[in-house]
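Here is the structure we will look at.
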Amino acid sequence: MPQFEAVVTIELKPDILDPAGEATGHVLQQLGYPLEQLRIGRHITLTVQAADVAQAERLVGEMAQNLLANPVMETYQVQVKAG
Amino acid sequence: MKIGVVTFPGSNCDADTLEALSVIGVPVRHLFHEERDLDDLDAVILPGGFSYGDYLRSGALAAKAPVMRSLWVAVQTRQLPVLGICNGFQILTEAGLLPGSLRANAHGEFRCAWQTVRVTAASALFPGLSAGELLRLPIAHGEGAYYVASGELGQLFGDHEAWLQYVDDQGMLSVWANPNGSVANIAGVMRGSVAALMPHPERAMMAELGSTDGRRLLQAWVDGVRGRTFHAS
Amino acid sequence: MRAEEVGLSRREYEKIVELMKRPPNDLELGLFGALWSEHCSYKSTKALLAGLPHSGADVVQGPGENAGVVRLSDDVEVAFKVESHNHPSSVEPVQGAATGVGGILRDIIAMGARPVALADMLRFGTDEASQRLRAGVVRGIGLYANAIGIPTVTGDIGFADTYRSNPLVNVLAVGIRAPNHRINASTACPQHYLVLLGQRTGRDGIHGASLLASRDFTHSSEDLRPTVQVGDPFLGKLLMEATLEAVLGGFVAALQDLGAAGLTSAVAELCHSSGVGADLWLDRVPLRQQGLSAYEIMLSETQERMLMAVGAEHLDAVIQICKRWDIPATVIGQATASDDLRLLQDGVEVGCVKPRWLVADAPRRSVARAWWDGLDQSGAHRRVDPPMFSSELLLKVLGHPDVRDRASVYSQYDSMIQTNTVYGPEHEVSVLRVKQQAAGLALAVCGSGRWAALDPYAGASAVVLLALARIAAQGGEPLGLTDGVNAGNPDNQASYEATAALVRGLADAARACQVPITGGNVSLHNETDSQAIWPTLMIGALGRHPHPLRPVGEALPEAGAQLFLINPAPPDWGGSVAAELVSELCTYPHPSLQKAHHVLTTMQHWARREHPGSVRTIGVGGLAATLVRFLAVSRPELGIDIQIAEPGADKTGRFYNEAPLQWVVVVASDQVLALQEYWDRAHIAIVPLGVVTDDATLTVDKRYRWTRSDLLGVWRRS
C-alpha cells in the first residue's frame with residue numbers, strides 16, 4: 001500500500017485560555033518586540049499507509065479526533081501530502 | 001561574604017533555599033529577576049521552581065530575564081560561582097552557562113522521591129565532597145532527563161564536569177537507579193565556576209525530614225565560595 | 001431569556017419578581033440563575049447542614065466564609081477546607097482537577113493564610129476509560145500543585161463501578177496565618193474601592209460551576225458544557241504572592257476569591273457579608289477578548305482572580321505590589337452605603353439587585369424535624385456471612401485497587417516542598433512541622449466509598465471516626481473537620497434521603513467525638529441517566545501534633561516485639577473489600593458512637609507518651625492490610641506471627657473487618673505490661689495478636705504463611 005505523509009496542526013479553541021502563550025508573549029514584549037498576540041499549538045507529522053489520499057485523510061482525521069487532539073479544548077487541521 | 005538567591009516569577013524553592021543558607025549561617029541577599037547589579041555578591045543560587053510556569057521549555061523564558069544578562073557577564077569576567085538547583089539547572093543550560101539540556105522525564109511523569117546520588121570526582125567548587133561519596137537527596141521534577149549530543153559526553157566525564165550521578169542505594173550505577181532517563185545517569189553538571197544539579201539539597205537539611213546530606217552538599221559549596229573569597233582578598 | 005435557560009424553576013422566577021417588584025432583565029436573571037443554583041446556594045442541603053456541630057474552643061472561623069479557621073497556638077491559626085471539582089473533571093480531567101486545586105488554594109488565601117499543604121480525595125470507575133480519567137486527574141492535580149509550590153502531603157483513592165460516569169475529585173487545602181493578619185470578606189466599608197486582581201476576564205466557563213454542577217449528566221448534555229476553564233498555576237503563584245503581600249502590609253480591607261459564578265458571586269458575597277452596596281463599572285474590567293457582554297463579564301469563571309476592598313489611602317500600595325508581581329490590578333467599582341449592587345456600563349445602569357437577594361434569599365428546601373431525628377439508618381440491610389479462612393483471599397484483598405499501594409499516584413506530586421513534611425503521603429496520616437512552633441499539624445483524609453453504599457448513616461459516621469482515629473494514633477488533638485458531601489440528584493427522593501442520612505451520620509459522629517466541623521463542600525447531581533453514585537463523604541481531620549519532629553512510628557521495631565489489637569470490633573466483615581470480592585456488597589456494621597470520644601482520647605494520650613511503640617489504624621482492607629503495611633515500611637528481614645482467637649468463619653471476619661476505632665500497637669516486650677494496664681484501666685479491650693519475627697513472613701495461626709516479598713509484590717503492583 002502507498003505511504004502518505006501527513007501533518008496535523010492542533011490549536012486551542014479561540015475562547016480557551018493559553019497560559020503558556022500568554023507568558024511567552026509577555027516575555028517577547030518585554031524584550032521589545034512589537035507583539036500583538038501569541039498562541040501555542042502543536043504540530044504532528046505522521047506517515048500512514050492508505051489506498052489513496054482520501055483514505056489517508058480519513059485515517060489521520062480519526063487519529064486526531066480520537067487521540068492527538070483534545071476535542072473539548074482544541075481544534076485540528078489535517079494536511080496530507082500526495083504520496 | 002554574601003550569597004544572592006534569585007526569585008524569578010514562578011520560582012517556588014526560593015524560600016526553602018534562603019532558609020537552608022541561614023541554617024548554614026551565610027549572609028544572603030534575596031534578589032528579583034529584574035535586578036542587574038550583582039557587584040556585592042560573592043556567589044549566586046538559582047533555586048528550583050517553575051519559572052514562567054515552565055511554559056515553552058522549562059527555564060527558557062527565565063534565561064531571558066535581566067538578572068541573567070548580569071550573571072552571564074559576572075561569570076565571564078570574575079568567575080562568579082553560581083549554583084543552579086532543579087529549575088535553576090534548566091535555566092543555566094538555556095542561558096548557555098552549562099552544556100546540554102534537560103528534557104521531559106522518559107516515563108512522561110513528574111516524579112517526587114528520595115534518590116541516592118554519587119559524587120564522581122572531587123572538585124574545587126565543592127571542597128568538602130570526595131569522589132565516590134553517596135548522598136541521599138529528594139528529587140522533584142517533570143523535566144530532568146539530562147541530554148547532550150553523544151560527542152560531548154566524553155568531555156563531560158573526562159573533565160569531571162558530570163559531577164553527580166543517580167545510583168542505587170548501594171552506590172551502583174544502573175539503569176534501574178535512573179529516575180528520569182538522564183544520559184549516563186547524570187544528575188549534576190559543572191563548567192568553570194557554574195555548577196548545577198536536579199536534586200534538592202535545600203530539602204535535606206535535617207534528619208527528621210529524611211536526610212542531612214543536602215546540608216553537607218550546600219556547606220561544601222559555601223566553603224568553596226568562602227575559600228575563593230579569602231584568596232581573592 | 002427564560003428562567004429555564006438559566007436553570008431556574010417557575011416558582012423561583014416568581015420569587016424573583018416578588019423580591020424585585022418587577023421582572024428582571026436578562027442580565028439580572030442570569031445573576032439569579034447562577035447564585036440560586038444548587039452549587040452556589042446549597043438550596044437543597046442548607047437545612048440539613050444546619051444540624052452539624054460548628055463550635056469548639058479552638059474555632060476562630062466556622063462555616064460561611066471562604067474557609068474555616070482553627071487556632072494552633074497563640075501565634076498561628078490554621079485555615080482549611082475541602083472543595084469538589086467533580087463535574088469539570090469529568091468533562092476535562094486535567095484542567096478540571098487543576099482548576100480545582102487552584103480554587104481551593106484561593107479560598108485559603110482569601111482568609112489571609114499562606115497555603116502549606118494539599119490533599120486529594122478521588123473516586124473513579126473500574127473500566128478502561130476511568131483509568132484514563134484517573135491519569136488525567138492525577139496529572140492535573142500535580143500540574144497545579146507542583147508548579148505553585150504547595151506540597152500534596154496525603155490523599156485517598158477508591159474505585160467502584162458507581163463512579164464510572166461521575167468521578168469524584170475533592171481537594172483539601174491547609175494554610176497558616178498569624179492572628180493579627182486575620183481577614184475575610186466581611187470588613188468592606190462604603191467608599192472602599194473594589195480592586196480586581198489577576199487574570200484578564202475571558203469567555204471561560206460562563207455558567208460553568210453553576211449550571212454544570214447543578215444538573216445531572218445525560219447523554220445529550222454535551223452542548224450544555226461551557227468553555228473549559230484552564231488553570232494557570234504560574235499566574236496563580238504570582239496572584240498568591242501579591243495578595244498575601246498586600247494583606248501582610250495591612251493594605252486590604254476585605255478579600256474574596258472568584259470561583260463559581262465569578263464576579264457575580266464574589267461581589268455579592270463581599271457586599272452581603274460586609275453589609276454594603278456597590279457600584280460596579282463593567283467597562284473597566286480588563287478583558288482577554290474583545291466584545292464580552294455585561295452578562296459574560298459577570299458570569300465568566302476565568303480562573304486566577306481575586307477581589308479586594310481597598311481604602312483610597314492604600315490603593316497605590318496595592319497597585320505597586322501587583323506591578324512588582326506583574327499581575328493586572330484594576331479598580332472596577334466602589335462599595336456604597338446603599339444596599340444596592342448597581343451594574344454600570346459606560347455610565348449607564350444595566351442592572352440593579354440587592355446582594356441579599358442573590359446570596360441569602362434563594363428558596364430553600366426545608367427539613368421536617370421529626371424526619372431528621374429519625375434518620376439514623378437508611379437503605380437495605382444485607383448481611384453475608386464470611387467463608388472459612390483461606391490463604392487465597394489475602395492476596396486478592398491486597399491487590400484490590402482500594403487497598404493497593406498508592407505510590408504511583410503520590411510520586412507524581414511534590415510532597416516535600418516548603419520543608420515541613422515529616423510524614424508524607426506514604427504514611428496513613430500526614431505530620432507537618434510549623435516553623436518556629438513547638439506544635440505541628442496532623443492531617444488525615446478518608447472517604448466512605450462502599451461503607452456508605454447501603455447505609456449512608458453508618459458509612460459517614462465511620463469515616464469521621466477513621467479520620468479521627470488516625471489523628472489520635474499520632475497523639476494529635478483534633479482541632480476540626482472539613483466535610484465533602486458528594487451525592488446524587490436532590491430532586492430524586494431516594495438520592496435526597498441518602499444525602500440526608502450521610503449528613504446525619506457526619507453530624508452525629510462529629511458531635512459524639514466533640515470535634516467541630518468548620519466548613520466543607522456539597523456536590524450534588526453526581527448522577528447520570530438517573531443512576532446516582534453511592535453517597536460519598538470525604539473527610540479531612542486536622543489535629544494539633546504535640547511533637548511533630550518525633551512522630552509516632554509506623555514500622556515494626558525489632559524481632560520479639562509484641563502486637564496488640566486495641567478496641568476490637570465484632571468480627572463483622574460487612575462493607576469490606578473482602579466481602580465485595582468474595583460475595584457481594586453487604587451492609588457496613590453500624591458503629592457505636594457512645595464510647596467513641598473516650599476511646600479516641602485514650603489513644604491520643606497513649607500516643608503522646610514517651611514510648612508508645614508503633615501504631616497503625618485499621619481501615620479499608622482491615623487488619624490484614626494493616627499488617628502488610630507494617631511489613632512494607634519495616635526492615636526486610638522482619639515478619640509477623642499472629643494468632644486469631646476467633647474460630648471458623650469469624651476468623652475471616654476478624655481479619656478483614658473494617659470497623660473504625662481499632663488500632664494495632666506494637667511494643668517492645670518490656671512495655672507490654674504498661675500497655676495492657678493502661679487500656680485495662682480505661683476499660684477498653686486489648687487483645688494480644690502475636691509477635692514480630694525475623695523470618696520475613698506473615699504467619700496466621702501457625703498454619704497460613706505468606707512471604708513478605710509475595711505480599712508486597714501484590715500490594716505494590718500498579
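In case you wondered, yes, glycine gets a Cβ from its N, Cα and C as well.
Please treat TrEMBL annotations as automatic predictions, because they have not gone through curation.
Of the listed candidates (C:D120, C:D127, C:D483), TrEMBL assigns C:D483 to the same ATP site as C:Y42, C:K81, C:G520.
Restricting the average to the domain 'PurM-like N-terminal' (C:439-544) gives a pLDDT of 96. Cα of C:N86 (substrate binding site) to Cα of C:H39 (active site): a span of 12 Å. Comparing C-alpha positions, C:E83 (Mg(2+) 1 binding site) sits nearest to C:G520 among the recorded positions C:H39, C:Y42, C:D107, C:D257, C:G520.
Taking Cα separation as the measure, C:R106 (substrate binding site) is nearest to C:D257 of the binding-site residues C:Y42, C:D257, C:D483, C:G520, C:N521. C:D107 (Mg(2+) 2 binding site) and C:K81 (ATP binding site) are 8 Å apart (CA-CA, integer value).
In the three-state DSSP scheme, C:D107 (Mg(2+) 2 binding site) is classed as helix.
For C:Q229 (substrate binding site), the nearest neighbour among the recorded positions C:H39, C:Y42, C:H85, C:D257, C:N521, judged by Cα separation, is C:H85. Taking C:S84 (substrate binding site) as the reference point, the binding-site residues whose C-alpha atoms are within 10 Å of its C-alpha, out of C:Y42, C:D107, C:D257, C:N521, are C:N521. Our reading of the substrate binding annotation (C:S84, C:H85, C:N86, C:H87, C:R106, C:Q229, C:S523) yields a largest Cα to Cα distance of 19 angstrom. Taking each of the binding-site residues C:Y42, C:K81, C:N521 in turn and counting other Cβ atoms within 10 Å of its Cβ gives the largest count for C:K81.
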